[in-house]
Amino acid sequence: MWTGGVAGWSYFHSNTTMDWRSARQWCRDHHTDMVAIQDQQEIAHLNKSLPWQPTYYYWIGIRKVDNVWTWVGTNKSLTDEATNWATGEPNNNGGRINEDCVEMYIQRKREAGTWNDISCFKSNIALCYAAACKKDSCVKGECVEMINSHKCEQGVHDDILTACTPAVCGLGSAAESAAGSAVGGFGAGSAAGSATGASGAGSAAGSATGGSAAGGSGFACNYTCNEGYEHQGLLTTECTQSGQWSSPPPTCTVVHCEELSRPGHGTLECQHPLGDWSFVEPCTGALGPRGPTARGPGFGPTTA
């Protein structure tokens, strides 16, 4: 059952009760994981949105790990801003039994929205979430789920933008613009570079799109081969968050024509600057020992 969230976390709960371990597995099988609460705003949202249950409460995704209260989905310790224990909790039931899991009092008349440590074997309702964060949600920093959105939290080293080797797009450095000059390979923007194939060198033009900086994550290079050349490989590559290009640049190889036959009692002379029987290759033929020079298909001058 969906209980909230628009562009961020969506919350779900089971319609049956189960112990804590089974509840977590149910959440992971059907959604993302058990709820890991960020702050008091989220607690208030859940208490308002979830239905009141007369007999049972809701499991949340926190339990003791090495005697530290830990959110199991994120493996992060409980922070002060998210803490919401009921009065006198957690108390481990006075030490009489292990109370290593946590239930949340939803819409209870007294201390609604607060938590109680309880035995993990008790039956309660599973409270789950479906994540909004995707692999590409943040160019830099860690994606943190919010109620109606997500945010990107930057760490100590996250001010350095993930960047790919710019030469793949024909850029001399990541600081050059998309219209920079080509450097050994393909052009970026309006620049043109050369591509070497098995039988000749072709010219390729590339354009660069996306990303917050040339060569940064989300930056894409699009390639085209000149007339008379065909590409080998993908025509688009993108800089991923790992700092690696999604595919290597393509190569442009010259188009080849069928080999011409020497005419009977004549000669055939061809030039092969780009390889045998390649694009814009001129051929000239002659008929007989003293006949006129023949021009046309099969004799030349013609182009392959």
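Cβ coordinates come from backbone N, Cα and C, glycine included.
The disulfide bond annotation in TrEMBL covers Cys225-Cys252.
Annotation comment: TrEMBL describes 6-129 as domain 'C-type lectin'.
Per TrEMBL, the feature domain 'Sushi' maps to 218-254. Mean model confidence for the domain 'Sushi' (218-254) is a pLDDT of 78.
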Please work out the helix, strand and coil residue numbers for the domain 'Sushi' (218-254) from the DSSP assignment.
0 helix, 19 strand, 18 coil
Can you tell me how many other Cβ atoms are located within 10 Å of the Cβ belonging to Cys225 (disulfide bond)?
23
Test of understanding: give the count of other CB atoms lying within 10 angstroms of the CB of Cys252 (disulfide bond).
26
